[in-house]
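Asks: Structure in structure tokens, see below.
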């Protein structure tokens with residue numbers, strides 16, 4: 001009986017490592033692929049060595065599997081593909097990824113989650129029918145909370161995934177009594193917010209915030225330069241935004257003004273058709289409206305170890321008149337960022353994928 005060690009792809013550690021590599025690849029392109037999902041793929045050769053890595057290109061470009069297979073070349077024959085999302089099985093702007101995997105001679109596929117889009121689904125079934133060894137569910141929860149989170153939500157609900165981001169003191173204040181708010185949190189937390197912004201398709205703020213703060217609502221590097229990909233800037237509210245506002249004059253990103261106070265109208269607007277991930281950065285009134293409408297899917301709170309005592313609170317009226325109506329959250333993560341604490345949570349009734 002042989003006592004040789006199994007090849008890396010035959011061990012859970014090897015597959016897990018490959019899936020995390022695929023997840024990291026998808027994370028690098030998150031924010032540039034919408035309305036397509038940000039997918040990552042790693043190809044292992046017969047010995048379990050990584051020979052190709054790919055991620056989704058901008059719309060019209062190759063999918064993750066094709067890029068990884070191109071990098072692997074002939075070394076993909078008899079190998080394994082580890083991919084964050086079920087390979088597509090339809091002809092769109094690009095041919096089916098299932099065809100590419102079969103043509104390349106892949107004999108094993110590990111996928112984290114299935115494709116909920118009925119047009120593209122069925123890839124794993126077709127691979128099995130062709131004799132490919134298919135495993136589903138590798139790091140499913142971790143992958144579903146990553147770059148695919150918003151896309152999976154959009155496929156399931158038909159609307160964008162909304163993350164409400166707020167920076168406050170320990171007593172829940174987002175500004176001082178005189179309206180000043182720069183800066184409550186430290187530079188590390190602010191840098192993290194800019195990295196989050198670059199992954200978003202749209203940033204939403206109310207006219208109150210725009211008139212009071214004249215924000216840029218852009219994603220910037222630590223040196224102040226702009227990231228290559230900028231989200232759509234969406235202003236919500238009935239009041240006019242002056243022509244001299246930075247949103248109108250800096251030319252950094254497209255800006256949309258939706259003259260409504262209804263969050264549902266914002267998310268259903270035709271201009272938001274290809275938007276998958278929304279970052280809500282409005283003040284307490286707009287945040288309260290989104291919470292009351294039940295369309296906040298994730299809450300990111302940056303807490304500074306500081307107290308103000310007076311000033312606006314983070315959340316305005318949210319339709320909670322009695323303790324029985326309290327909006328309960330499930331905390332997914334608590335971590336330190338510099339001197340601040342970040343709490344990552346979602347509605348207790350919320351489904352991630």
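Using N, Cα and C of the backbone, Cβ positions are placed for all residues, glycine too.
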Asks: Among 167, 264, 292, 293, which residue does TrEMBL annotate as binding substrate together with 181, 183, 197, 217, 220, 281?
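Replies: Looking through 167, 264, 292, 293, the residue TrEMBL assigns to the substrate site is 167.
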Asks: For the Zn(2+) site that TrEMBL describes with 63, 97, which of these is also annotated: 41, 88?
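Replies: For Zn(2+), TrEMBL names 63, 97; of 41, 88, the listed one is 88.
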Asks: Give me the CA-CA distance between residue 88 (Zn(2+) binding site) and residue 65 (active site, proton donor), in Å, as a whole number.
Replies: 10
Asks: Could you give the maximum C-alpha to C-alpha distance in Å for the residues 209, 213, 283, 284, 285, 286, 287, 288, 289 that bind NADP(+) per the record?
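Replies: Max Cα-Cα spread across the NADP(+) binders: 20 Å.
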Asks: Below 8 Å Cβ to Cβ and six or more residues apart, same chain only. Which residues does that give for residue 287 (NADP(+) binding site)?
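Replies: When sequence neighbours closer than 6 are ignored, residue 287 (NADP(+) binding site) has 164, 166, 280, 296, 314, 315, 316, 318 within Cβ distance under 8 Å.
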Asks: Between the recorded positions 65, 97, 167, 281, which lies closest to residue 289 (NADP(+) binding site), Cα to Cα?
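Replies: Its closest listed neighbour, by Cα, is 281.
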Asks: List every residue in the same chain as residue 181 (substrate binding site), at least 6 positions away in sequence, whose Cβ is under 8 Å from its Cβ.
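Replies: The answer is 174, 175, 213.
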Asks: Look up residue 197 (substrate binding site) in the DSSP assignment and reduce it to helix, strand or coil.
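Replies: Helix, per DSSP.
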